[in-house]
Structure formats: structure tokens, C-alpha cells
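All remarks here apply to the structure that follows.
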Amino acid sequence: MIIYKQGITFLQKENNNTIHLNTMFFLSPAETHQRMAAENHSFVTKFILVGLTEKSELQLPLFLVFLGIYVVTVLGNLGMITLIGLSSHLHTPMYCFLSSLSFIDFCHSTVITPKMLVNFVTEKNIISYPECMTQLYFFLVFAIAECHMLAAMAYDGYVAICSPLLYSIIISNKACFSLILVVYVIGLICASAHIGCMFRVQFCKFDVINHYFCDLISILKLSCSSTYINELLILIFSGINILVPSLTILSSYIFIIASILRIRYTEGRSKAFSTCSSHISAVSVFFGSAAFMYLQPSSVSSMDQGKVSSVFYTIVVPMLNPLIYSLRNKDVHVALKKTLGKRTFL
């Protein structure tokens, strides 16, 4: 018997004096784990979504609640886009940003909510692998785009209030179009990078996603291969797409509030504060829930808490945005009255 590297070689002599070498190799713990992972790995064709809750008695009430929210979201955002498109006096950079935000909110909600509603009324919440990756891709595109669109709108408000005489120069039609284009490009690039890294992830036999949609973190928890690069990408992009827009919005509103405080008329000051507070509330809910989900260490994160947090920035905020940004907007009210008046006259 000869010990060679990590194996043991046996010398066996047969009756015809022929010597055979039989070698048995021992695998290291790391090699053993890789071998077991390879054996357990299978090409995943579908996933099972756990949903918001597994309690059957809550499925119908939740279906009705989220159906109502989705209907309001669709009507509010498509109504805002239509109203701005039909009203010539709203064809300005400010309302171009608002129209783009409404489009993003509509798409953001539509990527997730219809599938979730179907899952409420079906016994098996199955989603195919291609469908899951497609949902994840477009979710990331519109979620990231919304982060930067809110920042662009805050900057637009800062220029309008703090530098009104230079507004038409700084926020020209060309600058507005360029900012909107950059917002979508950032969303497409970041989403493509995430999906590209997902192709290197190997999934084990476990195919149950503890979420109501194909969330990035929930999918990575099913991996039986290293997800270090994916997690590093999440950390970097979350910092860029959450912290940078948040700081932009915060600094913009600090200057806006400082300008509002210089307003002499109490009525004008109170209206401006009321408008800003509603905007800040919507932005805080969106970025706060997103940061809770993606900037929290995985060691202390809870998927149940993450699902509740996700509801706010994927479903609730897209419903609230058109209401918040138009509720105290006189131009929108005038445009709505004119549009409804024309329809009544016709």
C-alpha cells in the first residue's frame, strides 16, 4: 500500500503474477461540498411563490384589497398621463417629469400586482423561470428609474423655487428630455447587470420563493453556489440608487424650505409647506421601505418583514403618487375642469 497525495494506492497481486494499482482518493471538505452541490443542482424550470400569507382565510380579503389598490393605481396614473397630454398649458418640463413618474408607477405596479392577484385565487402559485427572470428585470428597471425620477423632480422643484429667473435656462426642454433619458438608461443598465449575474447562479432542488413576487434577495437565498458577486452588486447599486437620490432630494428640499421661510404671506407659506410635506412623505415611504429591504444586513433581515416593506414601494406608493402630486396643484385642477367641461359639451 502506497500513500500518494490525498489518496491511498493499493498494490494487488493476482495469481498470474500481474500487479494491479487500485487508488482511492479522499475529498477535502470543500470538494465534498462542491460535489454534493453539483449532484443536487438541477435546471430550474419553475418557482413556487409563497405569497404574502399562507392563511387561506385571508386570501380573498387580500385579493379584494389589492385589486382595489391596483384599479386606483391604473386610473390615477393613466389619468394623469392623459390629462397632461391633452392640456397644452401643462406641456412644460415640470409636468413632463410628472407624466414620466406616472408612467413608471403604472409599469412598476403592473409588473407585480396582476400576478399577485392571480396567486391569491389559485392553489399553486407557480411561476416559470423565464417569467420570473422577466418580472425581476422589469421590476428592477422601473424601481431604479423611480428612484432617480423622484430625485430629478426634487431638483426641478429646487430650481423653480430657488432660481425662478433661471428656470427656463437650467431646465429647458432639452435638459428635461436628457434627464428623463438618463433616468431610464440607469434603470436599464443596473437591471441588466443584476440579471447578467443571475445567470451564473446555480439553484438546488429547493424552488420555493418566500415572497409574493420574484424579488432579487429572495431568489438568491435559493442558490447552492456562491452569491458573493450578486450581493456585492446589490450593495453597490443600492448605495447608488437609494442613497444618492435620497441625498439629492434631501438637499433640494432643505433649500426649498429655506426659500419658503422667506415668504412674507402666511397663507402662501402654509400652502407651500403643505405641498412640500406631502411630497416628502411619499418620498420617505418609498426610499425608507426600499432601504429597509436592500441596505439591511442579511444576518438580521427577515423575509416576512421584507415582504411587508416591499408592499409600500411596489404597490402603495405607485397608488399615492398621482394623488399627492396633483391634490394641491391648481394647474392640474384647471386642466381637469377644462377636459371634463369639453366632454360634457360634446
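Each Cβ is built from the backbone N, Cα and C atoms, and glycine gets one as well.
Pulled from Swiss-Prot, these are the features on record:
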{"type": "DISULFID", "residues": "Cys132-Cys214", "note": "disulfide bond"}
{"type": "CARBOHYD", "residues": "Asn16", "note": "N-linked glycosylation site"}
{"type": "CARBOHYD", "residues": "Asn40", "note": "N-linked glycosylation site"}
{"type": "TOPO_DOM", "residues": "1-60", "note": "topological domain 'Extracellular'"}
{"type": "TOPO_DOM", "residues": "82-89", "note": "topological domain 'Cytoplasmic'"}
{"type": "TOPO_DOM", "residues": "111-134", "note": "topological domain 'Extracellular'"}
{"type": "TOPO_DOM", "residues": "156-174", "note": "topological domain 'Cytoplasmic'"}
{"type": "TOPO_DOM", "residues": "196-232", "note": "topological domain 'Extracellular'"}
{"type": "TOPO_DOM", "residues": "253-272", "note": "topological domain 'Cytoplasmic'"}
{"type": "TOPO_DOM", "residues": "294-306", "note": "topological domain 'Extracellular'"}
{"type": "TOPO_DOM", "residues": "328-346", "note": "topological domain 'Cytoplasmic'"}
{"type": "TRANSMEM", "residues": "61-81", "note": "transmembrane segment"}
{"type": "TRANSMEM", "residues": "90-110", "note": "transmembrane segment"}
{"type": "TRANSMEM", "residues": "135-155", "note": "transmembrane segment"}
{"type": "TRANSMEM", "residues": "175-195", "note": "transmembrane segment"}
{"type": "TRANSMEM", "residues": "233-252", "note": "transmembrane segment"}
{"type": "TRANSMEM", "residues": "273-293", "note": "transmembrane segment"}
{"type": "TRANSMEM", "residues": "307-327", "note": "transmembrane segment"}
Message = Across the topological domain 'Cytoplasmic' (253-272), what are the DSSP residue counts per state (helix, strand, coil)?
response = 16 helix, 0 strand, 4 coil
Request  = Return yes if the transmembrane segment (233-252) and the transmembrane segment (135-155) have at least 3 CB pairs under 8 Å (sequence gap of 6 or more), otherwise no.
outcome  = yes
Task = Quick one: give me the count of other CB atoms within 10 A of the CB of Cys214 (disulfide bond).
result = 23
Note = On the topological domain 'Extracellular' (1-60), the mean of the pLDDT values is 58
Request  = Give the three-state DSSP assignment (helix, strand or coil) for Cys132 (disulfide bond).
outcome  = helix
Key: Positions whose Cβ lies under 8 angstroms from the transmembrane segment (175-195), at least six residues beyond its ends   = 93, 96-97, 100, 133, 136-138, 140-145, 148-149, 152, 156, 216, 230, 233-234, 237, 240-241
Message = As a quick check of your reading of DSSP, tell me how many residues in the topological domain 'Extracellular' (196-232) are helical, how many are strand and how many are coil.
response = 13 helix, 4 strand, 20 coil
Note = Long-range CB partners for the transmembrane segment (61-81) (under 8 A, at least six residues beyond its ends), listed in sequence order, are 52-53, 98-99, 102-103, 105-106, 109-110, 113-114, 116-117, 120-121, 315-316, 318-319, 321-323, 326, 332
